[in-house]
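Here the structure comes first, spelled out in structure tokens, and everything after it is commentary.
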Amino acid sequence: MNSNFRSLMIWGLIALFLIVLFSFFNGNRQRASNGEVSYSEFLQKIDNNELKTVTIQGQKLTGQTADRRMISTYAPRDPGLVQRLNTNKVNIRAVPESSGNSIFLNLLFSLLPVLIIVGAWIFFMRQMQGGSRGALGFGKSKAKLLTEAQGRVTFKDVAGVEEAKQDLQEIVDFLREPQKFQRLGGRIPRGVLLVGPPGTGKTLLARSIAGEANVPFFTISGSDFVEMFVGVGASRVRDMFEQAKKNAPCIIFIDEIDAVGRHRGAGLGGGNDEREQTLNQLLVEMDGFEPNESIILIAATNRPDVLDPALLRPGRFDRQVVVPNPDVAGREKILEVHVRNVPLAPNVNLRVLARGTPGFSGADLMNLVNEAALMAASRNKKVVTMQEFEDAKDKVMMGAERRSTAMTQEEKELTAYHEAGHAIVALNVPVSDPVHKATIVPRGRALGMVMQLPEGDRYSMSYLWMVSRLAIMMGGRVAEELKFGKENITSGAASDIEQATKLARAMITRWGFSDMLGHVAYGDNQDEIFLGHSVARTQNISEETARMIDAEVRRLIDDAYKTATKILKTQNKQWLALAQGLLEYETLTGTEINEVIAGKPPSRTQGSDTAPLRTSSVPKIGAKNSKGASKSGDAEETEPSVGTKATAASSAKKVVKNASAKSAEKKASGTQVKAATPAATSIKATSAKVASAKAETENVASAQAATENVAMVKAATANVAKKSVESAQADDAEKKRLEEHNKSAHNKKGNLTAGAASNTEDEK
């Protein structure tokens, strides 16, 4: 705002000055053209009494007529002029003659237009060059010195790239203690090239080196060298290294060096390439006749394949540090860095988020945290919950929802069956990533989608996985054909077909997955002219081989189509159920998809349109509605109580009735079953006291009904044991035998069936 206002003020002052100057020159010219007369005419007007006043200024005479018109002339040396004026009764005014100011003003007025033109040219060039230092500042380096005011970044602010940090730590140590390395004859790398995909933190790593080493740090972009004038790029490279030598030891960071370091000899035509001249100067400065010790050049690029080989050789870029996408542990650390200033709810689990975001870069994770914070603020929440993180993850991965898109019922049905086909095939192929979410709500440029998330980071793909992936891609088109007929299929599978063709061709031409073509790479000629490669390259694929490649690609896709057709016909009920579920709920998570195809409604919280916070890629531990599992877990934590014969007998009667009705898989599923285990072996010896223990049956039944509450079971069992001990008159040997048997009953769950059978016989 200030710079715009300043520019506006400058333009306004220039315009005002030009207007005043024009008025001044124009007025003088008009006055000069209207009042100039000859000396004879001036004398004649005096004699004719036409002049009322005459002003004498040296040799200049200025007269005023009766009608107030001004005339002027230059008089020679005329001694009788004053007498003549007095004779004609003319009012005489004498003005002292001016000094050399008139000469100066005349010179100024003559040079002023030239000065204005030169000033305007300088102003325009400064604007075009982005504020270069003066009109002759084109060749000056545009490298900026990073200061503390711009924020100090250290290695603590960089996470997820531990190997890269270790490689760069040596540079920091050298800048701090150069004698440590020089004592053993070591030489620090003169240049370090950071290579990695976009968003992995290459620039942040460079800034952290400057913060750790505490040395001057110059930063410049690769596009800041070459501009409109010839020779500017090379001049800026020289000036940049001259500034670095004055501030040595220091670091120079060139971001996106591929803009200036591309392979030489690229392009068509024989004209001069300013970029090549700049690159040559950079090569000389990095490793030429003049050594540049204590100057470390760090560069970053995501296109190392297009760089000139001379730039990558040892002595210039001695070390190449790869900065890949982070793994699970790295993503968790990156999330911890980005949530430092974000208030989180207690249910936020960064480990779960890291597992559910495979392939995310550091920039993607930063965007994820920012989107979650914005969603929480728009929902008027004081903290960011796990729901916001899940919604933000879906928005980043699948695109923003477009619920305003008007879709007809026919389009919704077609989309639902299409996406259900993808999901059912994904659930039934041999190898596949878990289904994370299926939706028919338009997101991004798609009307619907099925999202799959791998359970972990994948670094290689198997043949079976690729074939299964092809079948999943064909699932949507197969579903349309089976449901609506071949004549009613739509263009909705265009993206699926394109991706399937690309994958199948890569399987044949790059990865050798064809028995007919063998383990040979048949790469297409995709090299671009301006990447420094030769224009004319021979294609090593014959027409017959090209036809074979097309046939093999067609075969893989046809096989995938048949596989998808077979799966959807076999799992027809599940497919139809899932399609109806999508029409009803619009969006289903992986867990909800399994519930829908099993004939159950999705377990969602009432009054909420959103899905529960769980995904198939990050499953929850334990089942939510599995009562048997929860009972068995409680039973394992509860120790069996010591009961008397009467208590054991009454407990055995209750448990045996349940055990005979249940399957053998639910052995030892409750606390009462465990408590009945020692009783089952001693039921014959205690049958005489069964009648006296029947009074405690109600207490045991109430304890059995409360098996989910471990504390209540323990209290009820202790109460039963206490009352049974008081009523029982067993001898000490019998009690000792029962206690020993109870201790060993934990590891003898298999005796339940035999004990239950003996109990049944005794009861009869």
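Just so it is clear, glycine is given a Cβ too, placed from its N, Cα and C backbone atoms.
D496 is the residue from D327, D364, D457, D496 that Swiss-Prot records in the Zn(2+) site together with H418, H422. G201 (ATP binding site): 25 other CB atoms within 10 A of its CB, across all protein chains. Calculated from their C-alpha atoms, the gap between G199 (ATP binding site) and D496 (Zn(2+) binding site) amounts to 27 Å. All protein chains shown were included, and the count of other CB atoms within 10 Å of the CB of G196 (ATP binding site) stands at 21. Each residue contributes its Cα atom, and for T200 (ATP binding site) and D496 (Zn(2+) binding site) those atoms are 29 Å apart. On a Cα basis, P198 (ATP binding site) lies 31 Å away from H422 (Zn(2+) binding site). Looking at the topological domain 'Cytoplasmic' (1-6) alone, the prediction's average pLDDT is 61. In the three-state DSSP reading, T200 (ATP binding site) counts as coil. Using Cα positions, the member of the recorded positions H418, E419, D496 nearest to P198 (ATP binding site) is identified as D496.
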